[in-house]
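Under the heading DNA-binding region, TrEMBL lists 31-74. According to TrEMBL, the domain 'Homeobox' annotation covers 29-73. Annotated domain 'TLC' per TrEMBL: 76-277, in sequence order. Annotation comment: TrEMBL describes 85-105, 125-144, 151-170, 206-228, 248-273, 294-311 as transmembrane segment.
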Amino acid sequence: FSRFIARPCALRLGLQGNGPRRAQPNSILEKVFTSITKCPDGKHLEGLSKQLDWDARKIQRWFRQRRNQDKPSLVTKFSESMWRFIFYSYIFSYGVWFLWSTPWLWDTRQCWYNYPYQPLTLGLYYYYIQELAFYWSLMFSQFTDIKRKDFLLMFIHHLAAVSLISFSYVNNMARVGTLVLCLHDSADSLLEAAKMTNYAKYQRLCDTFFMLFGLMFVITRLVIYPTWVLNTTLFESWELIGPYPSWWLFNGILLILQVLHIIWSWLIIRVAYRSLTKGKVCLLLCPSWRMWGNFKMIFLCLALLASSILVF
């Protein structure tokens, strides 16, 4: 997909495919870069300057180029976002198509009738297996893609996502699980579209996609999620079947997720507000997204730990 579809699209939009300028080969500086420090201080600069007979500014320039050399090019970033945009658009469309004919979409009490002895339909199985396969693919592709600074955090994220999807599947919570999955897939494609247009330097289109993403995110996470999902997992399930063994953990994770929804919504609203005053959403998106990722990592690590404790 990246080679034959995404890359040609990126090059046609004018993105540079060669990446940052490569640093001049130097075995001494390369050894310092890989084994000692990537950002040398004054003491290291002075020693290297005497050893190589280079001035400090030239050495700093070499280290800056060497650091940039490991960063993925805009074409690589665009290709990754385009692949995720295609998948998120597809899986959300598939989820809506599948759920439209299910009784629990229109009456969430159907999630708990005859629980846990509910049949696993073919459509439900395909929905779960596609979501699970996607996160498995993200986990394995990290080892072949360009290694980034957040490698460990993203690996934990994908591992936690796989564990949580598997946890709901083996506990036969697949009906309510499909509601959660579809709800959370609804805004992801808009975010990837905002990233793609940002890389392509279409600022107004980027701002539009991000505003749509923020609106979709706030509506689904702060309105539909608590009134639709939490209502059935907390109250309707208690009324119909009582607290089953994993009820406390399951609802605990969903409640923590709701707290994070509030935090993430606040970050999105803050970015949108700042964009109205400065006029550039996507340039403000990157630092706030790193903060978003930190909160997400905390939740997923806790959820993975709780799931492991329950299994053991």
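Every residue, even glycine, has its Cβ placed from backbone N, Cα and C.
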- Message: Which sequence-distant residues neighbour the transmembrane segment (206-228)? Criterion: at least 6 residues beyond either end, Cβ under 8 Å.
- Response: 108, 179, 183-184, 186-187, 190-191, 193-194, 197-198, 258, 261-262, 264-265, 268-269, 271-272, 275, 280-282, 285
- Can you tell me how the residues of the domain 'Homeobox' (29-73) break down into helix, strand and coil by DSSP? 32 helix, 0 strand, 13 coil
- By Cβ distance under 8 Å, which residues at least 6 away from the ends of the transmembrane segment (85-105) in the same chain are close to it? 1, 111, 123-124, 126-127, 130-131, 134, 175-176, 178-179, 181-182, 185-186, 188-189, 192-193, 196
